[in-house]
Amino acid sequence: MTSREASQAPLEFGGPLGVTAMMVLLPATMFHLLLAARSGPARLLGPPAYLPGLEELWSPWALSLLFMWLGLQVALYLLPARKVAEGLELKDKSRLRYPINGFQALVLTALLVGLGLPAGLPLGALPEMLLPLAFATTLTSFISSLLLYAKALAAPDSALAPGGNSGNSVYDFFLGRELNPRLGSFDFKYFCELRPGLIGWVFINLALLVREAELRGSPSLAMWLVNGFQLLYVGDALWYEESVLTTMDIIHDGFGFMLVFGDLAWVPFTYSLQTQFLLHHPQPLGLPMASLICLIKGLETIPTATGRHLLVSGWWGMVRHPNYLGDLIMALAWSLPCGVSHLLPYFYLLYFTALLVHREARDEQQCLRKYGRAWQEYCKRVPYRIIPYIY
């Protein structure tokens, strides 16, 4: 897609006005959730119990801690990888190379934290720093997005994202102009996609577990379960890190504020909402833990014009996006240990449902362009999008 074609393409998210609102509402929502989780009422809807002043939000120590965390993850990213994978073919027919060492980074980070705890690492103090850390990360996200936008102004057309070079600076700042901004071999988008935010989410959870043990003598079963579920989710994502190379974030979206803020701030501080809630609102666990294993075999396919095949049996024969259904089931599973007395812990499930419905609509458009009639036939064979017999 040329720059002229991109500028004539329909704009997403309500165009410049919509993305401007999102750049205000997303950080505001994140801070509302942080404040609500620690407040007595723990209300998802309604104003927060109080509004923090700048002295409570700004902390040079929090900014330093953020930079140390990012520096550690950059160093781990640059270590020799167990594998180097090639991405999909770009407009100029080249393929970028990516180190597959995200799981290695998670394990090494865990080892460092494990060695630090006996030496006096105050991990249990981290929950009291979540507000200033979130504030520092939000500022860093805005500044980083500005630098990425400036860098993209000098990028060739072949390096621009399909949707992030509309010609409107606000819209392009939000979506990101450059598809794969790099400094040498260091890929900023790929690094942020699964490293600092996802691994940070795990260790924020761990810090909340440690703090609960300090306050109550031992972590609750609910806290253990949520930590375990979410660690499994993150560990799985990092173990199969190579699969991210075919996602829309990597192959279609530019690296602008939407992904920068989402990866660095929204993920660790919003996705840890359940453990934040449990620290301040302990819940008796009355639901048994259940495990479900699904095996897919005997897969029937439809050939496409690209030479690939579309699955039309197994889970893919029931819904067109079973991976999204799995995400929603997991989101419910790690919300249930928080009980049903408050809506707040279920924010992630509500938010993720809306996100996946929107993303599914974008996927449908991409697949129709990519597979053509084969996709239309697939849609007739598999009419349900995410939830069988419902949607």
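The first residue you see is number 1, and the count goes up from there.
A Cβ is built for glycine as well, from the same backbone N, Cα and C atoms used for every other residue.
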From 232-250, 251-269, which range did TrEMBL mark with transmembrane segment?
251-269
What parts of the chain pack near the transmembrane segment (100-123), using Cβ distances under 8 Å and only residues at least 6 beyond its ends?
72-73, 76-77, 79-85, 194-195, 199, 202-203, 206-207, 210, 234-235, 237-239, 241-242
Same chain only, please: residues at least 6 beyond the ends of the transmembrane segment (328-352) with a C-beta under 8 Å from a C-beta of the stretch. Say none if there are none.
33, 36-37, 42-45, 221-223, 225-226, 229-230, 233, 270-271, 273-274, 277-278, 281, 283-287, 292, 386-387
